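The structure under discussion appears below in the form of structure tokens.
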Amino acid sequence: MLYQKSATELSAMLARGEISAVELTRSVLGRIEETDGKVGAYVTVCAEDALKQAAAVDSRRARGEELPALAGIPVAIKDNICTKGVLTTCSSKMLYNFKPPYNATVIERLNAAGAVMPGKLNMDEFAMGSSCENSAIKLTHNPHDLTRVPGGSSGGSAAAVASGETILALGSDTGGSIRQPSSCCGIVGLKPTYGSVSRYGLIAFASSLDQIGPMARTVGDAALLYNTICGRDERDATSAHHTYPDFTKCMGKGVKGLRIGVPKEYFGLGVTKEVEKAVLEAVDALRAEGAEIREISLPSTDAALAAYYIISSAEASSNLARFDGVKYGYRAREIDGLIDLYEKSRSEGFGDEVKRRIMLGTFVLSSGFFDAYYKRGKVLQQKIASEFAEAFEGCDLIATPTSPFTAFRLGENVDDPLKMYAADICTVTVNIASLPAMSIPCGTGADGMPIGLQLIGPRFSEAALFNAAAHYESLVGGFNKIPAIG
Amino acid sequence: MKKDYEIIIGLEVHAELNTKSKIFCTCKNAFGGEVNANCCPVCTGMPGTLPVLNEQVVYSCIRMGHALGCTIHNICKQDRKNYFYPDLPKAYQISQFDVPLCENGALEVMLDDEGHTKTIGVTRIHIEEDAGKLIHDDNFSGSLVDFNRCGVPLIEIVSEPDMRSSAEAKAYLDTIKSILQYLNISDCKMQEGSIRCDVNVSVRPVGQKEFGTRVEMKNVNSFSAAVRAIDYEAARQIELLEDGGHVVQETRKWNDAIGENMVLRSKEDAQDYRYFPEPDLLTIVVPQEKVDALRAEQPELPNARCKRYMFENKLPRFDANLLVENRDRGDLFDAAAALGAPAKAAANWLNGDVARLLGERGLTLADTKLTAESLAEMIDAIEKKTISNTAGKTVIEEIMFSGKSVSEVISEKGLAQVSDTGALRSVVEEVLSKNEKAVGEYKAGKTNVIGFLVGQCMRATKGKGNPELLRKLLEELIG
Amino acid sequence: MNEIKIDINHIAKLARLKMDEEQAEKFARQMTDIIGMVDSLPAIEGTATGLDPANPMTLRPDVVVVSETTREEILSNAPQVEAGCVVVPRIVE
């Protein structure tokens, strides 16, 4: 079936005229029809528009136009990325009816490349969560075991990619929201260097940490999508001035002499034995290919989670203040005056996790506590970043688990925020230090659920990450396996 | 026995900058217009949108910082000031908190025409965005929000509490305004609200060292309102203290229509703005060369110009002060003087008739057709006695608004002065015959009545008679 | 380590959120746990100035580009619109 193939293969088939974009889109839409009732990855399916986009690509190709590699390839979008005229809910009651009047920069780039958008994907509300259970819209199930969570917050993206309900997807990652669900669902997910992908049109959770990134079933596919979305955007002041290579040509260089650091601090932290074992085996496999493995130390790792929750919540409390029932989204009925409008709309529109973080963020910024918490968090951030910088003097990449454990069962951790937060423990440091990191599958646990290996590099080292990840992918005979659903 | 009190005043001036585009988006920076028609997803705070800082806003603020002798923090940042209000669509204002662009300046203001000056400290100047406007009208089911003004760039100029009277505050405000105009960074249109101020007032018995409790007043929308607001608030505080009460730290709102203020919020309700660094923007770094270049471009400022007029053009301080009040007037004066127009005459025309005519019509010099050439030509015509001073009043109005040349106006209106003794003699005779009483007074030694008689002759000649000739004839015929 | 007391009602007011007592208590407990992570950290030296001159911002030239987004599109998501404006409950000024 076409939906099972990789974007790289499909792109070549489209270019050779062996298949049409409409056929491919129909295949993906058919798969959504077939399995999304069980998986629940999509908030909005845009079947009609997707077919129109596909037909447009086909007719351009028929005219002999040379098209970008992504032309005709279905790319589904996390529901916190603005799509003009198409519902963008952040999986929140607060934005249940929000249709943005503009496109995010990444959407403009995908449109220019001729990508097809099958729909918008479920997530934890406003990207806050690690299981997708904080969605106010629906539950998403892990395609490998429907009784388990897909991870989060880009759980819909991971589940859609893993189940074949899309070829590629965009997620966003503030503390692990691309990598952790990628790990849970056995796919490839890249959290790019901060500033490499425009945030214009990404509904902000924590502006200084958020980054959009590609999710795919193969490393090459992730590179293909990343090629299209990275680059300077004048509409995002935090967007970096940097020249990017063609990442699809950065793979296949081998790992001989590659210095891989293994930080011991990432193997305590509640990391299960099976996860530790799978990750170390993957590292050993790379060692066997000529990589040099070094034990390193990142001593402030356990402080990172605290710094992360302080900084991200502080920014979120401000970023989410604009949702007040006035300009867009949910407005409470039966209100008595302006303050009541604000308080009722916000209290009824936001879920508990979002409120909890807004409260925490408001507190750490409030008078008398700013220095003790927010400022301290920023000092910790600098410390963590400088420890990474020091570590990268002695190694090229760092290997860790992505998630300390495999996907847990739906409902298992809902009432325990601290336990839920622990799922982010291996990933938040990367955002805190503005680094790129990738999660790739490295085996399964006793429960049959996927385990993820996280590779972390210095800023703008995505080419090295793709190369190492692709090498491991070929060692294990490829990742692209869609599980039977149900 | 009433004690004597000292009034302590500090001012926060918000000036809208006249950049082409808004501070964080490319919308036009314009006043008014159809509601919500000059906005975009960025300035209306649509989810996902991001600010991109306009370089001109930074440069304009640095210019003002140079003019006020500030330290320029060419490495600085912006911060978010968080509060909920319908005119603030993001629910935070992007401003500057702990590292403003400009800090620690001072401004010398002239207090009177005798040359008394005072130096007022300037704490800081920072950049920020303006908010939208609320429309209150009973015809609608609630208050309406117009976002057009959202994102209009502002600088906020904060003074030290160095002023001691409303007159000093007024002088400070006038000077700030004229500097903004000289730098051409703000339109300074009071009626459009492009300059607004918050006023901090406290009082203390003369001789007391500690400051009294401070009250902040908002909604002061003009400089004359600032004077009224300060005088009212100082009197209110003094009365409170005299009655044995004490001043409460609070924010009050000035209502200029009724000339009173009322409590807006008490200290307990003081807002907690939760400032923190704006994560959507990076560090502002203005190269030192650019900072220096902006200093080098600085035009002559009003204080320096005023001194030049006094010392080089030998104008009285009063005239010099009026000339520098706005930059256009001084520029026109300089240009006319360069063409040879006598300084005192040029100043008199600009500060007198020209200012009056503009004031009557609510216009500025730029709205007229007056040029330095035409002004100099007209003054020359008066000096050469081609026309009388009275006829000049007609000429100036014509050249300002019709754009005709001086000679055209003189010939069209028949304003050329009559210097023909024969023609004037009959006029004088007639005036004398109609004003026997004045003639008697003159003969009785009250010689200054001659001015009245000259005036009568001027009227009879419709302003065309040469007044000096008329005077001579009058003296001759009476004597 | 001193236990920080979070004035949950004050914070809720600042954040424009309403909650019942039970929820307020739960939030207070959970927030205390999280900030407890910070309080228990060893002192770290250093200051955070918020300035990073090594990574300067590119400023935008002062050029007007009129938005393609129309007023109707801007207002299309607003719950209540009258006369081209978003409507809020009457504010007495």
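Just so you know, the numbers here start at 1 and follow the chain as drawn.
Every residue gets a Cβ built from N, Cα and C, even glycine.
Database features (TrEMBL):
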DOMAIN    A:23-465  domain 'Amidase'
ACT_SITE  A:LYS78  active site, charge relay system
ACT_SITE  A:SER153  active site, charge relay system
ACT_SITE  A:SER177  active site, acyl-ester intermediate
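Secondary structure at A:SER153 (active site, charge relay system), as computed by DSSP, is coil. If you take the Cα of A:SER177 (active site, acyl-ester intermediate) and the Cα of A:LYS78 (active site, charge relay system), they are about 11 angstrom apart, rounded to a whole number. A:SER153 (active site, charge relay system) has a Cβ environment of 37 other Cβ atoms inside 10 Å. Across the structure, A:LYS78 (active site, charge relay system) and A:SER153 (active site, charge relay system) place their CA atoms 10 angstrom apart. The most densely surrounded of the active-site residues A:LYS78, A:SER177, judged by C-beta neighbours within 10 angstroms, is A:SER177.
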